[in-house]
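Enquirer: Starting off with a structure, shown below.
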């Protein structure tokens with residue numbers, strides 16, 4: 001019974017000893033697009049080290065052996081004097097993985113064995129900060145980077161920390177500037193902003209002022225349009241009146257002026273319009289006696305003769321011609337012994 005107990009005890013001890021002999025894992029971070037050097041943690045090259053071997057996915061990629069040239073699977077790799085492995089090519093995401101390093105002494109014993117977990121990360125970009133005053137909300141965002149953490153500070157106080165590309169925060173005061181920081185194992189970027197927002201009362205007055213200004217502008221525009229329409233209406237009415245005046249003048253000119261009567265024509269018309277006296281009627285002028293019949297006949301013929309026209313008067317040259325004198329006959333009731341003078 002005692003033997004069984006001792007056997008089980010030694011078995012457990014041996015298992016625990018094997019577990020303690022397991023290889024340690026070390027994480028090494030690389031930058032996307034850049035080379036990397038894999039250093040051996042807690043190791044220093046000494047004269048009793050004979051060999052350093054680097055293996056990736058079961059394949060020997062590089063080997064350092066004392067008194068022999070180093071073995072390199074390609075020119076991409078290089079073993080340094082301290083035993084570190086240098087990868088010269090720009091690292092890509094698919095270059096992430098586990099690299100195993102084994103160190104042997106001159107006696108052939110294993111001095112060290114470690115697994116290095118290589119992870120390739122993208123550097124973070126500079127954060128951006130924007131805010132909205134009506135909502136009192138601030139947003140911090142990062143566009144590029146992998147496996148980073150976003151942190152927001154106000155002054156020296158950490159407000160929030162999240163492993164995501166954007167983060168929002170609703171502030172209660174603006175006593176200190178805000179700082180947004182993005183960080184991952186291979187890079188770190190930050191940005192600081194001072195947020196300025198008008199107070200609510202001021203924004204209310206600004207809104208009221210803008211509204212009143214807009215209303216006043218609308219009224220001024222309406223008044224301007226009204227004045228323009230009124231002026232156009234007045235000009236149109238004035239043009240209509242001018243057209244009416246021009247039309248009346250044109251009709252008057254087309255009718256022509258009435259002919260003015262000359263004194264000679266007026267006298268002729270008056271003579272022509274006078275009705276001849278009835279037969280047997282004799283005109284008597286006060287203070288004169290009636291003329292004899294022969295004289296009346298000659299005088300009546302002279303009265304009927306039309307006066308010369310204005311054209312004939314202007315065409316006649318020289319002094320006017322003398323008219324024959326007519327001697328009046330003595331009245332019938334005069335004495336028989338009175339003799340008439342001889343005619344000229």
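For all residues, glycine too, the Cβ spot is worked out from N, Cα and C.
The following feature annotations were taken from Swiss-Prot:
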| type | residues | note |
| --- | --- | --- |
| COMPBIAS | 264-274 | compositional bias 'Low complexity' |
| REGION | 56-68 | region 'CD58 binding region 1' |
| REGION | 100-114 | region 'CD58 binding region 2' |
| REGION | 238-344 | region 'Disordered' |
| TOPO_DOM | 23-203 | topological domain 'Extracellular' |
| TRANSMEM | 204-229 | transmembrane segment |
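Describe each of these features in terms of where it is and what it packs against.
Expert: The residues of the region 'CD58 binding region 1' (56-68), classed with DSSP into helix (H, G, I), strand (E, B) and coil, number 0 helix, 8 strand, 5 coil.
Below 8 angstroms of C-beta separation, residues 23-26, 38, 40-41, 43, 48-56, 66, 83, 85 of the same chain, each at least six residues beyond the ends of the region 'CD58 binding region 2' (100-114), sit close to that stretch.
For the topological domain 'Extracellular' (23-203), the model's average pLDDT works out to 90.
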Enquirer: State the residues, same chain only, that lie 6 or more residues beyond the ends of the transmembrane segment (204-229) and have a CB under 8 A from a CB inside it; answer 'none' if no residue qualifies.
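Expert: Same-chain contacts beyond the flanks: 198.
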